[in-house]
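Lifted from Swiss-Prot, the feature list:
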- 1-99: domain 'Plastocyanin-like' (DOMAIN)
- His37, Cys84, His87, Met92: Cu cation binding site (BINDING)
Amino acid sequence: VEILLGGEDGSLAFIPSNFSVPSGEKITFKNNAGFPHNVVFDEDEVPSGVDSAKISMSEDDLLNAPGETYSVTLTESGTYKFYCSPHQGAGMVGKVTVN
């Protein structure tokens, strides 16, 4: 499944921002805009036992150019919340449910 970082209209958002995947399906986050974005999973908002650092980009690492991607595969069932660290304050947050 492919998730876009940034809307065609320049909005600071994950598109879609709320989605579900089967366990083990690769999720690819793709920068869709000229702004630097990243993907960080909230350590308090992932299933118990999941190390958020292992599935997140570093807070300092950014997808700077349109078309740059970051992929992750989630295997533990449950709900994961994530955000873009530069734009979290602007509401750039999302949620994935792993079935």
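Placed from the backbone N, Cα and C atoms, the Cβ positions cover glycine too.
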Rank the binding-site residues His37, His87 by how many other Cβ atoms lie within 10 Å of each Cβ and give me the one with the fewest.
His87
Just name the most isolated of the binding-site residues Cys84, Met92, going by other Cβ atoms within 10 Å of its Cβ.
Met92
Please list, in sequence order, every residue of the chain apart from His37, Cys84, His87, Met92 whose Cβ lies within 8 Å of the Cβ centroid of the Cu cation site.
Leu5, Gly6, Leu12, Ala13, Phe14, Phe35, Asn38, Tyr83, Ser85, Pro86, Gln88, Ala90
